[in-house]
Amino acid sequence: MLTKFETKSNRVKGLAFHPKRPWILSSLHSGSIQLWDYRMGTLMERFEEHEGPVRGIDFHRTQPLFVSGGDDYKIKVWNYKLKRCVFTLLGHLDYIRTVYFHPEQPWIVSASDDQTVRIWNWQNRSCLAVLTGHNHYVMCASFHPMEDLVISASLDQTLRVWDISSLRQKNLRAPSPEDMVNQLRGNLPAAVNADLFGSSDAIVKYVLEGHSRGVNWAQFHPTLPLIISGADDRLIKLWRMSDTKAWEVDTFRGHLNNVSCVLFHPRQELLISDSEDKTIRVWDLNRRSCIFSFRRENDRFWILAAHPKVNLIAAGHDSGMVVFKLERERPPHSMTAGNLVYVKDKCIRSLDFDNGRDVSLLAIGAPASSGGAMSMIGGGGMSSLFGDSTSAAPSRTVARSMSYNAAEGVVILNYDDDGGRYELYTIPKGGSGEVYAEPRRGAGSYGIFVGRNRFASLHATGTPPTIVVRDFHNEVTKRIPVLLPGADMMFAAGSGYVLLRNEERVVLQDLQQRKIIAEVSASMTKYAVWSEDLRKVALLGKHTIVIASRKLESMATIHETIRVKSAVWDDSGVLLYTTLNHLKYCLPNGDNGIVSTLENPIYITRVRGPAVCYLDREGNPGIMPIDPTEYTFKLLLLRKRYDDVRRMISENRLSGQAIISYLHKNGFPEVALHFVRDERTRFALAIDSGAIDVALSSAQALNDPDAWKKLADEALRQGNVEIVEMCFQKTKNLERLAFLYMLTGNFEKLSKMDKIADASGNYMARFQILMFLCDFEGMAKVLAECGQGPLAKLCASTYGMTELAAEIQGPPVAAAEGKLLIPPVSLSDGSNWPTLQISRGMFKRDANAGDFEEPSVDYYEDAAAFEESERDPTWDESSAPSAPVKVVDPFSADLGKTDGGEADAGGWGDDDFEFDVPGGSTSVDPAAAAPVEDDEFGQEAVSEEQTSGVYYVPPKAGTGIVGRWTRTSKLAGELAATGAFRDCMELLSRQIGARSFAQMKDVLLSAYLGCRTSLPASMNMAPNQAYISRLDNADRPVCVYSLGSLKERMAVMNQNVTQGRFSEAFKLIRAILSCIPLVVVDTMEEVNELRAILAACKEYCIGLTVESKQKEAKAAGDSARQVLLAALFTHCRLAPLHNQLSLRSAMKVAFDTKNFILASGFARRLLDSSPKPELANSARKMIQYCDQNMTNASEIDYDDRRDFVVDCFSFAPLYAGKPKVECPYCNSVYSPDAAGSICAICSISGVGASAEGLRVSMAQVR
């Protein structure tokens, strides 16, 4: 029994598998319904509308619906896409035990403690029939999967089979005229008649009696005319039925307490039952005996559910549920060069990959050992889960693994039972597959071949643990100690070596030298998959894959969220592996992706080109075509086979956003350009890769100001003045364009710009242009035109233009000592100049590089050649000298060129270009004839031609401090400090249901600015920004909001409340409520203090809001509302002094409005709070006066003798027992009418929103 998923919760009373998705519903005794993804192990949703335990639950087969029934007498139909209850069916008068959908009709059957079974139509929401006849609680009712029958079980010790065929016929036919007349006359509806007199649409076909106590469960067999039942008499009975009668067939005995549930296995001839004796038992239908029993020490079992299509079973118990399967579904198999050897239907079979011939080699029979217990149980995995397991009948176990020696024709099957054992089979040559061969058996687990005629098995439980080597006669030849402490599994590793694993690592042990020669960290490895040449190994764990070399040097680690099932290497060194629902790949550097989605899990055995061979869970071999283009392309990039990359791009063999993202992420944006058709994405990639021409064409297509601005920045960075000028013209950025013309000395265009600015009336741009042109007369005129007369006079007089200064109106201005502007000097002649060295693109050929190897036409057939370049030396080749490696530049020719002869020709001449030299026939080497020049250091000078192949690639910038903050921040306050406001808001939305952040805007900005400071820089330079990190962790930002600062604000708030400055106190409370989500503390004690501050702020905020509304009621003359609000103010949990003040105020308000009974009550409560003497005297006088006038002038809905809370929506009492919803942040209480609105107290969270809970400390996150 293999556990797949387990939860901890309250008692589980109902379970239901989704027929298609990996979901399971569990209904709890606490009234909650949980929706789990058992494959991912996560809680997806929680549904809480039932009051009291929920006992019945079921998924609809096709619609996004499920139904539940509980102790509140209600049947609720839910839509899990909408995440809410769609409608409620009412009619039962007592607890509802089970609810089930009909497999075809829109019906629901329900069983109840009101002694009835009801059938409902969930489409028109009506009761179709009421099945009466039981005289005690009906514990279970369900439909037959194919026939018009219903089975019910009751505590009256009977089972009843109901025939509902007439109900189907009635449901299909149109209403008769008689039905319509009865309806018009007002006759009783059919459902009411059924309630009173019983339904005539369902009749009792059989009444099965045989149990001596109440029957808890009954179920139909999915295909056979059988019924199974379990009862409080601790017995399970098997019944058979025919067209005319039903009778008891057999009784299963073994449970020691009430049988809670029993069901047929949907795919095998088994019964599964659970009981209050804390056991689950598996029964063989043929032998009529218990073959396995699993026990939990402290939990009783209540419910079972079986998946209709997958071999999964769920059981609910007192402390949660467990999802498990009875058999190991991985078929034992082994691969050779061209054959797959596997076990199916008690035969060892062989599949030839070349001709597809599948033959049976050998029949395998029942083993002599009886410890296996059953053919469906693959090992003793359940013992560790439930604490105890026993078997009662011998049966065959499924082999865990297989090893095959093709040279000698020997097969080893390994089993987990009896502490580990193996069976050794010798396949007869030319024998028939029907021949049974008696195996050689022995104790020991994980038998593997370690030589041509030797195999080894692990004895991990021995003292000391040993590896036993045997020959094919099953005789021991050697015993080798296990050198890895705690080793419990062993894998093959070639001749003379084995892999051993414990919980933390895997080691390679040499059997001959008896030493560990390599090890790698890999936790709980389950399988080891070697490449064909034994140069790489993949260590498969439950959710991880570690790829290592032959010396166990870790190359990559892959983490998956769901279980890894199998893996295999292809010829090019790519690992393909399967999970429960995907076929994936992994490159040697760890890059991985999805090849295809799987409908059902498979176990891949071989990859060849665009196809994979596999075995399914039934042991059937198959071939699945795949598209290896994506991972082949990435492999070519990884191995720098750029010619083949170019060929694949030119053939348009790739597409999709995943390729674009991969190329961009791994530093190949110029390659990604060839896959992009969207102009905006193309523009961004061109900017990143520095392809300025491509960026220009995309910017022209977009014609977006933002695109032109980015293009201008990139062009300026590359020194392309022409494109910079064009971008500034497109965006009409006159100031920057004028500055560019001034730098490049283009004063002619600068003069034209002056006219453009004059025509547009842009005085600022015109003055700047004239200043660049040193046109001082024009500068003075511009100043005069825009109303700056004194500045215009000053400018004219400074530069000696006295006549112009006299013409300008205004008082004379005395020119101070000033300096004349010097005309600007241009920095260039206006041509493009380089300012940044960029790395060459992968499609720019280096002149010094040799010719590339011509790629193969078929990339997949050439995979072995790719792998050859990546292979490491073998174990014994570590000292072999390495051959000189020819360095090939990775940059190939443009895509538009062909690989023909002219494309490879020299620019000025070919290598064989010769000419005759007068005076001799020998050619002279120009380099040898020329004199050698030395540089200033005495070194031989290097010519420009010799260095043309050398280029500089700037290193990539590392992760900055803000990036490290963002990566490590898990709390809302830290995310706000890093500036990741969106992430912060999303986190608060999940934690406290935050819906409005308007009130938190200032505190978010304060948190952002609080961890940053500016340091002064040199003159005319921007200040330097510094970041403040925590002292104990530099990768986390410091947070300005602390627990101490909130305590200080709370003290000021208390003082304001005491002094009656309520408006100031209210503003402080709102500010504190906004700050609390962004506080970061270290310990759980501080977390509890922060929760106390939040609770106090909520109470004071409610109280001050009530007091404000009381003043409004007084101004409106509504004395009843005024008294009610004053009374509610006294029920806020304030400090003792403030509580006394609220009671005194309420006493005065009640007295002034002549509500003397209420005033007397407030006075007595004031005396109970031990007030000061003067307050106590006033209270006694009030009691004395009011007791003589026991009347109230106003009738208000207020009763202090009943428990209630303040409804923050209507500000009225909300008494205990009434429905209510809460704010997930401040826990303010509202009536259901306010659900979905913003909380009136904190103004942050949505009322009734689901939330995880506020986390302000890393102690909560861990």
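Including glycine, each Cβ sits where the backbone N, Cα and C put it.
Check TrEMBL against the ranges 26-54, 867-895 and you find region 'Disordered' recorded for 867-895. In terms of C-beta pairs under 8 Å, the stretch of 5-46, 47-88, 131-172 lying closest in packing to the repeat 'WD' (208-249) is 131-172. Proximity of distant same-chain residues to the repeat 'WD' (47-88), defined by a Cβ-Cβ separation under 8 Å and at least 6 residues beyond the stretch ends, is recorded for 13-19, 23, 25-35, 94-101, 103, 108, 110-112, 120, 122, 125. Mapped onto DSSP classes, the repeat 'WD' (47-88) shows 0 helix, 24 strand, 18 coil. Each residue in the repeat 'WD' (5-46) has a pLDDT score, and their mean in this model is 92. As a summary of secondary structure, the domain 'COPA/B TPR' (656-803) carries 121 helix, 0 strand, 27 coil according to DSSP. Each residue of the repeat 'WD' (89-130) gets a DSSP state, and the totals for helix, strand and coil are 0 helix, 25 strand, 17 coil.
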